[in-house]
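Take a look at the structure below.
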Amino acid sequence: MMIWQCKMRDWLILAFLAAACFCTIVRGQVAPPTRLRYNVISHDSIQISWKAPRGKFGGYKLLVAPASGGKTNQMNLQNTATKAIIQGLLPEQNYTVQLIAYYKDKESKPAQGQFRIKDLEKRKDPTKPKVKVVDKGNGSKPTSPEEVKFFCETPAIADIVILVDGSWSIGRFNFRLVRNFLENLVTAFNVGSEKTRIGLAQYSGDPRIEWHLNAFNTKDEVIDAVRSLPYKGGNTLTGLALNFIFENSFKPEAGSRSGVSKIGILITDGKSQDDIIPPSRNLRESGVELFAIGVKNADLSELQEIASEPDSTHVYNVAEFDLMHTVVESLTRTVCSRVEEQDKEIKASALATIGPPTELITSEVTARSFMVNWTQSPGKVEKYRVVYYPTRGGKPEEVVVDGSVSSTVLKNLMSSTEYQIAVFAVSAHTASEGLRGAETTLALPMASDLELYDVTENSMRVRWDAVPGATGYLILYAPLTEGLAGDEKEMKIGETHTDIELSGLFPNTEYTVTVYAMFGEEASDPATGQETTLPLTPPRNLRISNVGSNSARLTWDPASGKISGYRIVYTSADGTEINEVEVDPITTFPLKGLTPLTEYSIAIFSIYEEGQSLPLVGEFTTEEVPAQQYLEIDEVKTDSFRVTWHPLSAEEGQHKLMWIPVYGGKTQEVDLKEEQDSYVIEGLDPGTEYEVSLLAVLDDGSESEVVTAVGTTLDDFWTEAPTAIEPTSPVTSVLQTGIRNLVVDDETATSLRVSWDISDSNVEQFRVTYLKAQGDPMEEVVGTVMVPGVQNSLLLKALLPDTEYKVTVTPVYTVGEGVSVSAPGKTLPSSGPQNLRVSEEWYNRVRITWDPPSGPVKGYRIVYKPVSVPGQTLETFVGADINTIVMTNLLSGMDYNVKIFASQASGFSDALTGLVQTLFLGVTDLQANQVEMTSLCARWQIHRHATAYRIVLESLQDTQAQESTVGGGVNRHCFYGLQPDSEYKISVYTKLQELEGPSVSIMQKTQSLPTEPPTFPPTIPPAKEVCKAAKADLVFMVDGSWSIGDDNFNKIINFLYSTVGALDKIGADGTQVAMVQFTDDPRTEFKLDSYKTKETLLDAIRHISYKGGNTKTGKAIKHVRDTLFTSDSGTRRGIPKVIVVITDGRSQDDVNKISREMQADGFNIFAIGVADADYSELVQIGSKPSSRHVFFVDDFDAFKKIEDELITFVCETASATCPMVHKDGVDLAGFKMMEMFGLVEKDFSAVEGVSMEPGTFNLFPCYQIHKDALVSQPTKYLHPEGLPSDYTMSFLFRILPDTPQEPFALWEILNKNSEPLVGIILDNGGKTLTYFNYDYTGDFQTVTFEGPDIRKMFYGSFHKLHVVVSKTLAKVVVDCKEVGQKAINASANITSDGVEVLGRMVRSRGPNGNSAPFQLQMFDIVCSTSWASKDRCCELPGLRDEESCPDLPRSCSCSETNEVALGPAGPPGGPGLRGPKGQQGEQGPKGPEGPRGETGPAGPQGPPGPQGPSGLSIQGMPGMPGDKGDKGDAGLPGPQGVPGGVGSPGRDGSPGQRGFPGKDGSSGPPGPPGPIGIPGAPGVPGITGSMGPQGALGPPGVPGAKGERGERGDLQSQAMVRAVARQVCEQLIQSHMARYTAILNQIPSQSSSIRTIQGPPGEPGRPGSPGTPGEQGPPGTPGFPGNAGVPGTPGERGLTGVKGEKGNPGIGTQGPRGPPGPAGPSGESRPGSPGPPGSPGPRGPPGHLGVPGPQGPSGQPGYCDPSSCSAYGVGVSHPDQPEFTPVQDEQEAMDLWSAGI
């Protein structure tokens, strides 16, 4: 019954209940469930079912408890549930069950019952029962599995990660069975967040996490996730998936717990397509116990490799998916048992306490690190945890090391900081107490030996010694001048730079420069220096003209540089006049208003934007103003007289006339016109003597000298004679004095004040006279001054300093003079400048400073002159406010006397004198060495500031001189071509920018001539300029055949002598030279490392003797390659290899092949032909272009004509940063990096961590760089001269599935500290490409490229990458398509003291870091930025253009008819000169007495066609026999014919080239045919298997197991699909793909896709790029028929046949034809990769008739891989491409083929 709880106010619901319910329903109750039933389904599980109650209810509460008492477990169920499974029960125990329905807060009466599980094995303590809910009807949850047999009741918990194979081979139906299996698996465990956790990952081509361990909290949630697990689809890359869960699932962030058992369960149905051993080993070693469950096609041996031991309990394998349920109970029991055992082990180890380590010791303390050592703890320690933090506070850091380690280095610390340290011993579940201590780091090291040099007007350089460990440097620099002190600048640079330029400085300014070494964000103590910039350039060549009495004209030459004008300062010599004017940028200027007869000093300054220059100085004296030569007084009267003079010229000005009574009075004056010559002075006093003065006043205000005359007016009593004499009274004479208290005081150096008291008011005037007291008493008066009678003081001026004067004052009355009064006075001594100081000494300047005098000054005059050498006395003037000056243009290392005068009102003061000295700009320790008869060398100690040296060699016999200039860093120079026994003077001048110091000289005499003259001229040819930087391994090959003769051979030797003499440095640091003389057999005259000096080398050349014989040039070239260019003979890595061949005739052996090989290997060959030499042969021998490498002279006397050009070309080749290499048929400048890293067939086996694999087309070799191979080479071997400024890096590479997601450097150059300098970084996780380097300023720069074209490089296919670097940009070209370019600065060159590395992980540190695995097929550096635009990507199948690309090696073409296409007929072979190149054929028979003929045309019977993959023969029509023709190009594959008749016998071939090594395939007899495998995505051709024993042709086998479904490939056009199918794959589809029909017919017409025969699917990419090799499947149906070849066992992609014997073409007659080889066994259904050439088999099918030619030997079988005929393309994955479904039978495929698909 249902009881409903209703609210009283809810009348609508009450009404509904009243109408719908039985009358027995009681309001407020919920009806209980009924019909409770029990069903035991396993030994610990029971199913409970019931009938739902009537009415409305919200859900159920199910309570289960042991009847004997114990914990009651309650579960809430949904209202749709009608069943529940209770798990984890114990047998032989009664349980009570209560089931209650509830609605909101009301519950029904419980439906109750009891049950007991009998006859089951005894169990452990009861645990919480688990309930499995089963919905009724159409509930949202599916029903549970019918049977649950086991439940893990252990209290131990675990972290279980299940890894599920979701590849295409499983199928959607089978994947449902996998879900059921997973549900049973999860059900068996007690799952919860605090119990056992279960995570799951699904994988195919790429793994993904479906849910982490901590994703769900209950078992129900986990089961729900299992039921909704999506099917992924893809490839089977189990190794990648195992590594994925190792890196992502068993981590704390993913829910993994410490101290908890870790279980990994793998479920897969096939063999992995990648390596599973390393990732499974990593998981096991990390403590994960692995279980492997294989289904259907799983590889048991692989499962055993993955799982933990023992295999009997950890490996499960079932035949079909519907049998997986049979292993659930066994698996869960084993896992449960192992979890319990591990839990005990974990707890036991946790109980064992660990004592702390002891004896903490710190050592090796630096500023950023120190080492911590301790004594190990007793007991089993898994690891040590070292915790450290700054004492003053900071975040604790820690380092964890292995338990076997007892020390570690703490890095990246702060300098000068105390750190607290604690070391803990850690076991699996416990840790010890900490061992504690402290240590203080040192201060950061600072820069040392700071030096400022190369100083200019606005720049200087600063350098210092590098600081170990510094991450960079901070440079601060600022002027010391007071007004500029705030203009401080800073510069940050990288740690590799210790020499930089500071620019933008002020001229003539002292700067302080401070350098800090930076360690991250920390800075060291500063290193500081001071230096003064040079002054600006002054004007030149001052000329002074038109000097007059008051004017002059200045003219000068302009200053260099951009100026804004000039400042002119002119000063009188006495310092009383200082004038200044600024003018525009003119070169002449008039000076006016000068004082006549005055000496002037001139200073002209250039005015720049930065300031003004030093002055250009000069001096001159103005002329005297003409004085008046005549002045006369007449017409004298009592009150007037006339003054007469000669008038001035009109242009000089006017006259000034002045007069004054001689005995005192007022001076009067009058200005008169210049033409006036007399004037009457009136108003004079009678009987008075007057002084009259006349001077000329010039127009500019200056005055001439004064002309003076004295005249006396008549007394008035003389006007007329008295008529009578009147008597007079007697007169008494009285001496009068009107002066008292005469005082002389207020003394200065040039003045005295005289004062007195007036005692008589009748005094008319006072006469003051003064004279020197020390002089003769009769000495004339120095001066007389008349003052009025009312004045009682006077200031006497212009006196001499420090002089005693006698001053006399006399009163003057009307009637005469009174009594004079005298007093002494003395002037003070003059005060001049004091305390001369010298600073800023430099090579051509010095600064002087002085203290000014106490008194006022007008300026200063500085006079200086060299002491020890005759020279002009120099002087300059400065203003009164200046007390320092820089004396410039001085001589280096010279003493100067300096005098400084102060200009004062009275003249110049006494001189302040001193001695100053400039620095010496000159070398030291100059000495001669290596003195020979005709040469000598000088060496010296380098001057620290020198920018260059000028070396002069003077002969004392004939005064001839040689002069050279070398750089400032050079300390040695040699002179050649000197006279023996002659005295020479060697002078070295040191230069600093434009400044040159004095010479330092020594005398040296060359050695005397030997007693007997040498056979050859003794003069060693001087090195040519073009050869100064030459560095090469140079071999001369000299023809010594009979046709040369003794005389001509000596001419060759003389030519070699001159040529070698042009080289500069001989030996390991320069050019090494070897010599070979060749005839029938080559003879090595000396090896590359035989001589270390030019003298000994030339002497050896002189003594080469003539050999005689025949001309075997080819043999000699091979001898040079194999014998001389070896490490034993001194050849060096990374150095250009140059050969010079000299011959006079045609070679009697083949030169073409060996020459081509050596050119392709990077040798630079010069060929010189004389007389009868064959020019076409010379062209074959010489490198390209022939215009630079091939020379021809008419006779042996004409070598001089080519000598200079040959030397130039050879030295340019030897000096080039980029050597010439042979690439794609042309010679160009660059580096063949594959050879330099040893990644070539002959060398790769010696490189650790590298294997050779098939590359593109399955024909080119590529090299797999395995994980942590860290392939490297020293930079000095690869790029000894660094990288050019512009270059292109070309790579052909492939990213592998196990290439890590972290960034790694595809290639990079490291310095000696393992710091990257330049390189390319690929980020597999971020799908980006980054190029980095240091620019010319020392700054680190990076540019990153991304986008679709970049991302596709990471999808697992081969891609061609060009990175173009120029001075302005970096450009990236992918698969011959430009994808982007970015601006960069010009690159700095690299250091050669580091290494170059392939694949280095970016996070790696130090020389032993990690590297990423990838495949590399090609790597070149071309010294050009245009190479990328010329490349046609011929190595990539999808981009290859057959018309423009060269033929593939050992390849077959794909044509529409599959028939051999004949090329055009070549000319018939025979004796004669070599003709034009014909079709690639065998050499014709040897002609009589002549050189080898050219290859002939193809014969009617073609050679055996290229070898196809091994398979069952499909008989064709018999071929007709014919004569053997020359070897032609490999023809297109035709249908297999029946064996033809026996052809003419041919020669045995030489051994063929070995094929690529591959994985071992399981060999065995061919099995019966099975169903064809499902087509896979286009992938890399598989690796060639090892050669197996010859097997007989087996019968068709029974159908084999179905292969895995491949990834979807890229879309191709319908036209391409049909064309490729018709042309190539007709017979393949007819014989092997008969089962493809029904599904393929469902493919839309416009989105068809080509799939190759089953191969390992690659990452989404363009279809043509190869994927990783697939494992060998079971034997399949007959493969595509190939021509009869040598038998081989079926292996990966077609095993190679027995190695054939193919040799170099001989010149003898053709040998007999070899017997046909045995037939090959049938192969598997997949096309094989090309194997090595087999020996000649039976005659192949008939080809097209060719032009009859001579019988040729059997051709070398080639390879024809049908997969290479598939439509390769470049592309990315297409998510919208329709999914392929496996073809079920052959009829479907036949139907599809007939439909034209």
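Positions of Cβ are set from backbone N, Cα and C atoms, glycine also.
As annotated by Swiss-Prot, compositional bias 'Basic and acidic residues' applies to 124-135. For 1474-1486, 1574-1584, 1742-1758, the entry in Swiss-Prot reads compositional bias 'Low complexity'. Summarising the annotation, Swiss-Prot assigns domain 'Fibronectin type-III 1' to 32-122. According to Swiss-Prot, the domain 'Fibronectin type-III 3' annotation covers 446-537. Under the heading domain 'Fibronectin type-III 4', Swiss-Prot lists 538-625, citing sequence analysis as support. Feature annotation from Swiss-Prot assigns domain 'Fibronectin type-III 5' to 627-716. According to Swiss-Prot, the domain 'Fibronectin type-III 6' annotation covers 738-830, on the basis of sequence analysis. The domain 'Fibronectin type-III 7' annotation in Swiss-Prot covers 832-922 and is backed by sequence analysis. Taken from Swiss-Prot, the feature domain 'VWFA 2' applies to 1033-1206. Marked as domain 'Laminin G-like' by Swiss-Prot: 1230-1425. Annotation comment: Swiss-Prot describes 1463-1511 as domain 'Collagen-like 1'. According to Swiss-Prot, the domain 'Collagen-like 2' annotation covers 1515-1571. Summarising the annotation, Swiss-Prot assigns domain 'Collagen-like 4' to 1655-1706. If you look up Swiss-Prot, you'll see 1708-1758 marked as domain 'Collagen-like 5'. According to Swiss-Prot, the feature N-linked glycosylation site maps to Asn94, Asn138, Asn373, Asn1385, Asn1389. Residues annotated as region 'Disordered' in Swiss-Prot: 124-145, 1463-1611, 1645-1797. Annotation source Swiss-Prot lists region 'Triple-helical region 1 (COL2)' at 1460-1611. Look at Swiss-Prot and you will find 1655-1780 tagged as region 'Triple-helical region 2 (COL1)'.
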The domain 'Fibronectin type-III 4' (538-625) touching the domain 'Laminin G-like' (1230-1425) per 3+ Cβ pairs under 8 Å rule: no
Work out, from DSSP, the number of helix, strand and coil residues along the domain 'Fibronectin type-III 4' (538-625). 0 helix, 53 strand, 35 coil
Based on Cα distances to Asn373 (N-linked glycosylation site), point out the closest of the glycosylation sites Asn94, Asn1385, Asn1389. Asn1389
Whole-number Å distance separating the Cα atoms of Asn1385 (N-linked glycosylation site) and Asn94 (N-linked glycosylation site) is 86
Here the Cα-Cα span from Asn1389 (N-linked glycosylation site) to Asn94 (N-linked glycosylation site), rounded to a whole number of angstrom, reaches 87
What are the non-local neighbours of Asn94 (N-linked glycosylation site), defined as same-chain residues 6+ apart in sequence with CB under 8 A from its CB? Pro66, Ala67, Ser68, Gln114, Phe115, Arg116
Provide the three-state DSSP residue tally for the domain 'Fibronectin type-III 6' (738-830): helix first, then strand, then coil. 0 helix, 48 strand, 45 coil
Local confidence of the region 'Triple-helical region 2 (COL1)' (1655-1780) - pLDDT mean: 43
Could you count the residues of the domain 'Fibronectin type-III 7' (832-922) that DSSP puts in helix, in strand and in coil? 0 helix, 48 strand, 43 coil
Return the count of C-beta atoms lying within 10 angstroms of the C-beta of Asn1385 (N-linked glycosylation site), excluding that atom itself. 15
Run through the domain 'Fibronectin type-III 5' (627-716) and tell me, per DSSP, how many residues are helix, strand and coil. 4 helix, 44 strand, 42 coil
Within the domain 'Fibronectin type-III 3' (446-537), how many residues are helix, strand or coil going by DSSP? 3 helix, 50 strand, 39 coil
In all the protein chains shown, the tally of other Cβ atoms within 10 Å of the Cβ of Asn1389 (N-linked glycosylation site) is 16
